[in-house]
């Protein structure tokens, strides 16, 4: 949640502007974003791509950036052509934490009455699968933001940390909860109590990351995964996502009961019938998201 001066000091040389691939298709939403870039990608524009774009601040998560992120997520969630979303940052940083300047002078009353950081939770309410493509620093709020996503791909030089204790606070956007559920108590406790960072390789070994990619191909590989997801039925993908996420909230018995209920629910969809019929007929399924 914190952007630390000591972390910023480790970056040498001028920051490069975000690299924009010529193949990226413009995001025709009418939205005018200052802190993010939002575009549709994939052969059939089935992937929503959101790039955090505050390079001089290492993508520090100010209120304006989070508001724009939520706007873009809402637009992609409501776009029937989009089946999955990729969230990324820059080569130096996915996001180096929350914007400390916005938090420095807040009181308890300010935080409590305004439900500070509450609007960060919008990402967890998105029904479409979201992939975090993490290059560079994912510290504090940046690590928490990545953990809100459904899948994390990491560049080979990515680093993850919850260093809030070094500035006299604790994670406030799910860091102590999601990290513990993902990597276990011992590693989570060590990271939260020391502020130490872990590498992409350590994160993968701990189960925080599902794939490590070269820095230069990370986003494209995440998009390829998103395209594969988007080729399936959106309504069935949403059910699958709901069932997997329930494993973090329920007992095994409760989760299995929900899974069974969602499994039965697929039999009320045309896509379930089409998928099984296509399998029997040895052809590719033509899902209609119905």
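Positions of Cβ are set from backbone N, Cα and C atoms, glycine also.
The substrate binding site annotation in Swiss-Prot covers 98, 99, 100, 101, 141 and is backed by similarity to another entry. A strand conformation is recorded for residue 98 (substrate binding site) in the three-state DSSP classification.
If you take the C-beta of residue 46 (phosphothreonine) and look for same-chain residues 6 or more apart in sequence within under 8 angstroms, you find 40, 81, 82, 83, 84, 226, 227, 230, 231. For the recorded site, residue 46 (phosphothreonine), the DSSP three-state label reads coil. Taken from Swiss-Prot, the feature phosphothreonine covers 46.
Look at Swiss-Prot and you will find 101 (among others) tagged as N6-acetyllysine, backed by similarity to another entry. Just so you know, the Cβ of residue 101 (substrate binding site) picks up 11 other Cβ atoms within 10 Å once every protein chain is counted.
Look at Swiss-Prot and you will find 101 (among others) tagged as N6-succinyllysine, backed by similarity to another entry.
Summarising the annotation, Swiss-Prot assigns phosphoserine to 114 and lists similarity to another entry as the type of evidence.
Summarising the annotation, Swiss-Prot assigns N6-acetyllysine to 115 (among others).
What Swiss-Prot lists as N6-succinyllysine is 115 (among others).
Taking Cβ-Cβ distances under 8 Å and a sequence separation of 6 or more, residue 118 (N6-acetyllysine) has no neighbours in its chain. What Swiss-Prot lists as N6-acetyllysine is 118 (among others).
Listed in sequence order, 154, 210, 211, 212 are the same-chain residues at least 6 apart in sequence whose CB falls under 8 Å from the CB of residue 204 (N6-succinyllysine). Residues annotated as N6-succinyllysine in Swiss-Prot, with similarity to another entry given as evidence: 204 (among others).
The annotation N6-acetyllysine is assigned in Swiss-Prot to 211 (among others) on the grounds of similarity to another entry.
Cβ neighbour count for residue 164 (site 'Important for catalytic activity') (all protein chains, 10 Å cutoff from its Cβ): 24. Residues or ranges marked as site 'Important for catalytic activity' in Swiss-Prot: 164.
Residues or ranges marked as transit peptide by Swiss-Prot: 1-27.
Residue density at residue 100 (substrate binding site): 16 other Cβ atoms are found within 10 A of its Cβ, drawing on all protein chains shown. Note: the Cα of residue 101 (substrate binding site) and the Cα of residue 164 (site 'Important for catalytic activity') are spaced 14 Å from each other.
It is 211, among the recorded positions 98, 99, 141, 211, whose Cβ has the fewest other Cβ atoms within 10 Å in the structure shown.
When the alpha carbons of residue 100 (substrate binding site) and residue 164 (site 'Important for catalytic activity') are compared, the span between them is 11 angstrom. Cα-Cα distance from residue 164 (site 'Important for catalytic activity') to residue 99 (substrate binding site): 12 Å (rounded to the nearest whole number). Following the DSSP three-state reduction, the secondary structure of residue 164 (site 'Important for catalytic activity') is helix.
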